[in-house]
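Novice: Attaching a single structure in structure tokens format; questions to follow.
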Amino acid sequence: MYSKFVSIATLALATLGSSQTFTRCSPLVKECPADPAFGGKADCDFTKGACSIFSEAEGTKLSYKGNGAVFTIQTETNAPTIETGKYIFFGRVDVVMQAAPGAGIITSAVLQSDDLDEIDWEFVGSDNAQVQTNYFSKGDTTTYDRGKYHPIGNPTGSFHTYTVEWTSKQVNWMIDGQSVRVLDAATVGDKFPQTPMQIKLGTWCAGGKNSPEGTRQWAGGFTDFSKAPFDAYYKSISIVDYAGKDSPANGGIKEYIYGDKSGSWESIKVIKGDSSKDPSPSASGSASASASASAPASASGSSKASATQTETDSSKPSTTKAPESKTSSANSTITTVSRSASASSNSTASATLTSSRGSATSAPTTVPTTAVPGAAPRSAAAIGGSLLVGAGIAMAQLFL
């Protein structure tokens, strides 16, 4: 497969216009700026407007309605995306959202680090019976067996709460408070995502005429833009930073620094200080401090679960290798998508930053081995085509 690197990389580059995951500076390669920490709890209610903890990618134009932030796809070049300026180092993220419908339309909620560790939720608009979970370590796309599918009712027509609880021992994916998958760190070793992460929310088109064929087929085929707009709704998000521990931080955390180039969680330095003094990624919005909120209860039973626990999930894992339209830029140490200074909205929501006390995903994954009623069909051609695209991205990163 790698002998066809040149042609594969060419195909891979064709997907970069839809990139939503990338790194401005890889700490595995060189010394990078510190990651500003949340250091506590932050909540956004998008039904009230833009939220100050997020910034918009260049070209992103959101509207805010009673259902929350509206991410609209009108053309194949649209890829509305927002990201936090601050990071969590283990923690919990709850997103209330409704995915966009439509063949070729992808909706995602992603946690991603500077060294391209990643934890994903991802939705294919033509598949109204499943949601996909996935994870990556250091941008590694050499294998395609990490993704899994989970049954869910009407994700493109109704709101659900999608949760990631992430500790040094495990990642727990939950839907409406019920665990659907647990990834154990002891099982996957150094492939476990473990470095400080931003939160990214976004939609993009994989079904355009310029999309690689394999990626397009995986996403349900060509997007019919006569049916546009395709809208995803993000109603609210709750973010809790554990600051390198397995339970919520008590505040007083300023930033995270990579101590070396290993990318291990043990090497990350937790720097104390007042994170509220750091500039927010958006010039709009406001943040108010409060010490009254606590972290949401864990549906995983305990964030201090035994490290010997094996990976479990409520759906059957896929054994067929599948397309990876991993959206990392080939030039991973250069900013590939610039960020605007503020969200473009006339209405502004309040982001409540609190110190929490107590105990407490952008890329095609794999094809289910058993059919789920209402699920989108996947073809062998789609799998093979996107495998090549994913390999090209991985190789391009390696050589640049």
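Note that the numbers count up from 1, one per residue, in the order the chain is shown.
For all residues, glycine too, the Cβ spot is worked out from N, Cα and C.
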Novice: Looking at TrEMBL, which one of C25, C44 makes a disulfide with C32?
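Specialist: Matching partner in the record: C25.
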Novice: Given the active-site residues E118, E122, which one has the fewest other C-beta atoms within 10 angstroms of its C-beta?
Specialist: E122
Novice: Within 10 Å of the Cβ of C25 (disulfide bond), how many other Cβ atoms are there?
Specialist: 15
Novice: Just to verify a number: CA distance, E122 (active site, proton donor) to C32 (disulfide bond), in angstrom, no decimals.
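Specialist: Cα to Cα, E122 (active site, proton donor) and C32 (disulfide bond) are separated by 29 Å.
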Novice: Express the distance between the Cα positions of E118 (active site, nucleophile) and C32 (disulfide bond) as a whole number of Å.
Specialist: 18
